[in-house]
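Visitor: Mind looking over this structure? Questions follow.
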Amino acid sequence: MPVVDTIAAIATAPGSGGIGVVRISGPSSRLIAEAVLGHCPPPRHAAYLAFRDAHALLIDRGIAIYYPGPHSYTGEDVLELQAHGGPALMQILLKRCLELGARQAEPGEFTRRAYLNDKLDLAQAEAVADVINAATEAAARSAVRSLSGEFSARIHSLQQKLVDLRLYVEACLDFPEEDIDFISQGRVAEKLAEVTAGLEAVFREARQGNLLREGLQVVLVGQPNVGKSSLMNQLAGEEVAIVTPIAGTTRDTIKNSIQINGITLHITDTAGLRETNDEVEQHGIARTWRALENAGVALLLVDAAHGIGKVEKSILARLPQFLPKIWIHNKIDLESTPPKIEEQDGETHIHLSARTGDGVHLLRQRLLDIAGWQPSGEGVFMARSRHLLALNKVRDHLEVAAGRLMQAELFAEELRLAQDALSTITGEFTSDDLLGEIFSRFCIGK
């Protein structure tokens, strides 16, 4: 359905600033320019002009830039008015544009129009919001990579490999008289392996990009008085949790976010797990288990002097099997033993002192490893949870396809489903409901 109306919004953040921008997009942009400025400035040239109201009274003087479509952000005629950034002045200028026939833009509507006009694909459109909301330098750089199209290019490369494989398989189905035994030739299995390897590489980078965006949820769990709050304070670099020798001091979950090499860690300190008749403490313990349901990694603390006992094993048994876990043997300062990290039966054990900080660097590095952190950060692009879900769905269809190599029609159908799932990332195959959900989370003016 073609867009026939013109939208306007304040594109800069709320509050006072040196410069404020009102953005207009749509067929009436040129007429609004003529009414506010007296004439439409030359395309893509910054012009210093007077902005006037309906009575020709001066609103402000500033910079006006006119971008005729399709060579604009939205693909439509776009006008940007840059004035002094006072909130009242911005509202006067926006009101003037609305009087001239524009309507107030909805959140994300400018970027949505850019997507609908093929100026951006969906992954790039989402990256616009991610660039704005990036909390770290690493997150900002990865979001810019997505906005520039690096993520989309990787997805399109995978799509092309899938298309090539589908064409080959379906040609064999459509022309059986040619008697091409593509299965015995091994070419299909080889091509499928190439697609799967490419998918895994993209998934690893997307997962790190997602961690840059969302952060890693780290939950500290263990019996009372094993040093969970001390470890949280050590990781945070400040006292965010109360520490006393009294068991059961922490009765509720305490949350704090820190950054290690650009990765945000959302750390949750929890109530010690034990049998208790204290109603308040019981509520805290219930919250501990709820926090673990959303954890990205669990730190299981034990007293280094006592080691892992029945209580710790019972805690371990209740944790999700897929959840990454690290055993923290705390209080090595009391045992006069050095810090160390070791692997035992597929589990990571770190010996440290939360009180002195000795060995905490080993934990920080292990958390970065779990997050998939790469020292260079090269090639990492911003990815959202929906992208990981889509990539997982592609992986599932490819795994099913691998088991149906001798059933050509079923094999071809799994390839089609894999391609459809992959296409949801860039928006070639996406529902209107999903588009509404994505763009509604943008700020107004983008």
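Each residue's number is its place along the chain shown, starting with 1.
Every residue, even glycine, has its Cβ placed from backbone N, Cα and C.
Copying in the features that Swiss-Prot gives for the protein in this structure:
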BINDING   Arg23, Glu80, Lys119, Lys446  (6S)-5-formyl-5,6,7,8-tetrahydrofolate binding site
BINDING   Asn225, Thr244, Ile246, Thr249  K(+) binding site
BINDING   225-230, 244-250, 269-272, 353-355  GTP binding site
BINDING   Ser229, Thr250  Mg(2+) binding site
DOMAIN    215-372  domain 'TrmE-type G'
Visitor: Please determine which of the binding-site residues listed here (Arg23, Lys119, Lys228) has the lowest count of neighbouring CB atoms within 10 Å.
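Guide: Among the binding-site residues Arg23, Lys119, Lys228, the lowest count of other Cβ atoms within 10 Å belongs to Lys119.
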Visitor: How big is the gap, in Å, between the Cα of Asn225 (K(+) binding site) and that of Ala354 (GTP binding site), rounded to a whole number?
Guide: 12
Visitor: Using a 10 Å cut-off on CB atoms, tell me which of the binding-site residues Asn225, Ser229 is the least crowded.
Guide: Asn225
Visitor: Near Ser229 (Mg(2+) binding site), which of the binding-site residues Arg23, Glu80, Lys119, Ala354 can be found within 10 Å, Cα to Cα?
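Guide: For Ser229 (Mg(2+) binding site), the binding-site residues whose Cα atoms are within 10 Å come to Ala354.
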Visitor: Would you mind pulling the DSSP three-state label for Ala354 (GTP binding site)?
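Guide: Looking at the DSSP assignment, Ala354 (GTP binding site) belongs to neither helix nor strand, so coil.
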Visitor: Do you know offhand how many angstrom separate Lys228 (GTP binding site) and Lys119 ((6S)-5-formyl-5,6,7,8-tetrahydrofolate binding site) by C-alpha?
Guide: 50
Visitor: Could you tell me which three-state DSSP class Ala271 (GTP binding site) falls into?
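Guide: Note: Ala271 (GTP binding site) is coil by DSSP, not helix or strand.
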